[in-house]
Amino acid sequence: MRDAQGEGRAPVLQFTNCRILRGRALLREDLWVRGGRILDPEKLFFEERRMADEQRDCGGCILAPGFIDVQINGGFGVDFSQATEDVGSGVALVAQRILSHGVTSFCPTLVTSPPEVYHKVLPQIPVKSGGPHGAGVLGVHLEGPFISREKRGAHPEAHLRSFEANAFHDVLATYGPLDNVRIVTLAPELGRSHEVIQALTARGICVSLGHSVADLQAAEEAVQSGATFITHLFNAMLPFHHRDPGIVGLLTSDRLPPGRHIFYGMIADGTHTNPAALRIAHRAHPQGLVLVTDAVPALGLGNGRHTLGQQEVEVDGLTAYVAGTKTLSGSIAPMDVCVRHFLQATGCSVELALEAASLHPAQLLGLEKHKGTLDFGADADFVVLDDSLHVRATYISGELVWQAEEARQ
């Protein structure tokens, strides 16, 4: 909790000459910040009779909520699924480097690994606020090992698991303590998955459906048990079929619990999802679309051989494969590139493209009062973008944490 008195004495920043993304519209308004939060200027004027202590001219740029990446496996040579002695320094490096791509919060993601890796890595990735040191850590995303063999994609078959008789106990034995976990991806067709989904959601952990051969009925039952997310829609699941659309059918299902909103991740890197498929998903359910990078350790490194957990990955141009195969292995596109590609591929509004990387992931995680929004009282995590949606600067809690070289002139 911030100290209200201290916040009242903190300097007031006024960002001028900008368009603010607020309420699904770009508004020509100033953005007011104090004590790391977005401020209501009317209260400042009429109740406190104060003005800004400092004004910053944004040069006509767009101010959008900071991007939130809920599926990122590593980057810049760091592999979150590698049980090193100092996992924290690797997470810190990625957290710092993704600031230049507008990401202010993220969920470090572990692919299918043996239990000893989870036991060693998870305690080393605590939830952490963002700042000049890097983007905030919202909790870990565990993708696997409770997934389908047929749709394992780049996950190593040797370490896949199913649920045993005491299903949730098996989850705890595999992962260890779940204190730092925010999302678990599993295949809902696995036996006893529903009791696991219920147990995870009861602990405030988001359950995502993915790497699965589930039919639509199994997917709907998983949502009825508490699942709220789909991991990288279209990838590593049964293809859409008109008689049984599988997990994809959740986007238009009429059998979801009243008031239940399903979200789905999309890798808009130009490789994982054809633009026509992006358009179909977006038009079917625009408010549930969450842009994810699914970035691998090779992000930012170029061609060559790299790792992803227990597998070797080969990067060729804009594509990462499991070495020696044509199986896609995550992405090497950062979040700002995904936002621009999504906008271009779907022809959606700039506002919706930006919300797919900010508001929607915040809503998925139940953080929309504080993150993914520039409403009054929210955290002042935002990104400054030019008209072509290239990142000019990134702010966390109202503090400049990254700035493009040209913007420093």
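Cβ coordinates come from backbone N, Cα and C, glycine included.
Per TrEMBL, domain 'Amidohydrolase-related' is recorded for 62-401. Per TrEMBL, the feature Zn(2+) binding site maps to Glu143, His211, His232. The substrate binding site annotation in TrEMBL covers Ala154, Asn235, Ala236, Arg243, His272, Leu328, Ser329, Gly330. The active site, proton donor/acceptor annotation in TrEMBL covers Asp294.
The Cα atom of His211 (Zn(2+) binding site) lies nearest to that of Ala154, taking the binding-site residues Ala154, Arg243, His272, Leu328, Gly330 as the candidates. Working note on the binding-site residues Asn235, Ser329: by count of other C-beta atoms within 10 Å of each C-beta, Ser329 ranks first. The predicted model assigns the domain 'Amidohydrolase-related' (62-401) a mean pLDDT of 96.
Checking the binding-site residues (Asn235, Leu328, Gly330) against the residue listed as 'active site, proton donor/acceptor' with a 10 Å Cα-Cα cut-off leaves Gly330. In this structure, the CA atom of Asn235 (substrate binding site) is 13 Å away from the CA atom of Glu143 (Zn(2+) binding site). Long-range Cβ proximity for His232 (Zn(2+) binding site), meaning a same-chain Cβ under 8 A and a gap of 6 or more residues, is found for Gln71, Gly210, Gly265, Met266, Ile267, His272, Val292, Asp294. Residue pair Leu328 (substrate binding site) / Glu143 (Zn(2+) binding site) shows a Cα separation of 16 Å.
Highlighted in sequence order, Gln71, Gly144, Ile147, Gly153, His155, Thr185, Ser208, Gly210, Thr231, Asn235, Ala236, Asp294 have their Cβ within 8 Å of the centre of the Cβ atoms of Glu143, His211, His232, the residues recorded for Zn(2+), and are not part of that set. Arg243 (substrate binding site) sits 28 Å from Glu143 (Zn(2+) binding site), counting Cα to Cα. In this structure, the CA atom of Ala154 (substrate binding site) is 11 Å away from the CA atom of Glu143 (Zn(2+) binding site). On its own chain, Glu143 (Zn(2+) binding site) has Gln71, Thr109, Leu110, Val111, Thr112, His155, Thr185, Gly210, His211, Thr231 as residues at least 6 apart in sequence with a Cβ closer than 8 Å to its own Cβ.
Spread of the substrate binding residues is 30 Å (greatest Cα-Cα distance among Ala154, Asn235, Ala236, Arg243, His272, Leu328, Ser329, Gly330). For Gly330 (substrate binding site), the number of other Cβ atoms no farther than 10 Å from its own Cβ, over all displayed protein chains, is 30.
Long-range neighbours of Ala236 (substrate binding site) (same chain, six or more residues apart, CB within less than 8 Å of its CB): Lys151, Arg152, Gly153, Gly210, His211, Ser212.
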